[in-house]
Amino acid sequence: MSTDSYTPSQEPGSKRLKTGESVFARRGVSPSTGGVASAYGNESEKKPSWLQTNKSDIDGKYDKYGERRNAHTTTRDSRLDRLKRVRQKSAEREDVGHEGDEGDEDEGILPYIHLQAANPAIIHNEKQENYRTFQSRISNRENRDINSIVRAHYNQRTQQAKQQGSRVNSPIYKMRNFNNAIKYILLGNWAKHNPEELDLFSFLDLCCGKGGDLNKCQFIGIDQYIGIDIADLSVKEAFERYTKQKARFRHSNQNSNRYTFEACFATGDCFTQFVPDILEPNFPGIIERAFPVDIVSAQFSLHYSFESEEKVRTLLTNVTRSLRSGGTFIGTIPSSDFIKAKIVDKHLQRDEKGKAKFGNSLYSVTFEKDPPEDGVFRPAFGNKYNYWLKDAVDNVPEYVVPFETLRSLCEEYDLVLKYKKSFTDIFNQEIPKYFSKLNKNLIDGMKRSDGKYGAEGDEKEAVAFYIGFVFEKV
């Protein structure tokens with residue numbers, strides 16, 4: 001295997017597993033209100049026990065945030081028994097957590113099903129001309145705070161995505177697939193459930209966006225999902241995506257590749273609000289019944305919190321109080337080491353306004369102020385740059401995340417670093433193990449022009465900008 005690509009010994013999909021039937025009955029769906037999308041319908045319909053209203057006084061709920069009662073109740077034993085049987089059956093399969101062939105591809109993968117081509121990279125390049133590249137239209141950026149800009153950007157992203165055309169023709173289509181593969185690997189390796197401590201395998205997705213990681217949650221076999229994001233239209237899209245896949249092929253004799261986990265979604269800012277204050281007004285009793293969780297995930301988002309130390313501490317409070325002991329905090333962020341190398345090696349250029357920047361045809365980083373010559377940012381917070389990624393991020397403010405600062409702060413919140421690697425290293429070291437497990441369309445979407453798999457050209461540098469990390473709650 002070369003250092004920047006992978007050539008498989010066999011084609012993907014030769015040992016594909018099917019996801020087991022859902023153990024939950026189909027829920028009714030009601031329109032979202034108050035900026036919140038719920039996976040549950042009318043109050044008259046029966047809800048899973050972890051979302052039933054707790055009739056006891058929930059004053060002081062924040063003190064209970066790190067506790068959780070046993071989820072077993074007399075009325076739910078039969079459901080939990082069924083759940084355990086299904087999970088045990090899945091565990092006996094050779095490739096646990098493997099996605100099925102149909103119906104569960106990530107957004108951006110589905111259009112690829114209808115392409116007949118020996119080399120996907122060729123078709124991808126030929127059809128890009130019919131695709132509308134994303135451009136945000138955010139006015140008066142100079143006088144808006146970062147929350148306002150980020151919310152507006154991702155809401156516009158959600159709105160425009162439906163008019164852009166097939167995402168298989170996006171100029172960063174292969175890069176999206178590469179990044180998705182990295183997240184599958186991170187979650188597949190580090191998302192662990194402890195059935196002796198918690199009955200249900202639970203997942204808290206901070207900054208969930210449009211629900212791009214829902215398929216990954218099905219892949220790792222979770223039982224319950226909670227998604228929070230600052231962009232209300234993205235939350236609505238995530239909810240619709242979940243309910244569509246939840247309903248898909250629900251008749252037992254058609255197809256089992258639908259979501260088998262329950263989910264709820266809420267709009268909120270996990271950098272300035274505490275999780276109970278976001279969830280409790282809309283789902284009374286959820287903190288008592290659904291927390292702590294096994295995994296907290298923050299994908300491509302934590303860097304927004306480094307605007308200030310207060311925001312980072314609020315985020316880490318949410319993470320540590322949400323996690324059970326032994327639970328994992330899994331995320332992806334820009335690499336401060338990568339940024340430092342660009343500065344120290346003098347790879348910076350000047351834009352038309354004289355601001356320092358680096359990048360290529362796919363991405364760019366433009367600093368608000370000249371960065372320090374040694375690449376070490378002091379103080380560690382508020383070091384802003386504008387990030388541009390073709391067809392995805394349109395010069396949105398982000399902040400440098402000095403990783404040692406993050407690691408040190410995490411230790412204050414009982415979060416110990418277990419893993420940190422660049423996307424390039426993760427791919428090179430882990431893709432051989434995952435090549436036959438991941439969905440064939442996702443794998444095909446990473447096929448290079450030379451027939452190998454991985455990033456090529458300007459994509460190499462764009463993906464090397466990121467790292468994956470895992471912290472464990474002790």
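Every residue, even glycine, has its Cβ placed from backbone N, Cα and C.
Listed in Swiss-Prot:
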COMPBIAS  56-100  compositional bias 'Basic and acidic residues'
DOMAIN    170-474  domain 'mRNA cap 0 methyltransferase'
BINDING   LYS183, CYS207, ASP229, ASP269, GLN299, TYR304  S-adenosyl-L-methionine binding site
SITE      LYS210  site 'mRNA cap binding'
SITE      LYS216  site 'mRNA cap binding'
SITE      ARG241  site 'mRNA cap binding'
SITE      HIS303  site 'mRNA cap binding'
SITE      GLU398  site 'mRNA cap binding'
SITE      TYR466  site 'mRNA cap binding'
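Burial estimate for the binding-site residues (ASP229, ASP269): highest at ASP229, by number of other CB atoms within 10 Å. Cα to Cα, HIS303 (site 'mRNA cap binding') and GLU398 (site 'mRNA cap binding') are separated by 6 Å.
For the recorded positions given as LYS183, LYS210, LYS216, ARG241, HIS303, the lowest number of other CB atoms within 10 Å of the residue's CB is seen at ARG241. Binding-site extent for S-adenosyl-L-methionine: residues LYS183, CYS207, ASP229, ASP269, GLN299, TYR304, maximum pairwise Cα distance 22 Å (rounded to the nearest whole number). In this view, GLN299 (S-adenosyl-L-methionine binding site) is surrounded by 23 other Cβ atoms within 10 Å of its Cβ, with every protein chain counted. Of all the recorded positions listed here (TYR304, TYR466), it is TYR466 whose C-beta has the fewest other C-beta atoms within 10 angstroms. Within 10 Å of the C-beta of GLU398 (site 'mRNA cap binding') we count 23 further C-beta atoms, all protein chains included. Here ASP229 (S-adenosyl-L-methionine binding site) is compared against the recorded sites LYS210, ARG241, GLU398, TYR466, and the shortest C-alpha distance is to LYS210.
Around CYS207 (S-adenosyl-L-methionine binding site), the same-chain residues six or more apart in sequence whose CB sits under 8 Å from its CB are ILE228, ASP229, ILE230, CYS270, ALA298, GLN299, PHE300, SER301, TYR304, listed in sequence order.
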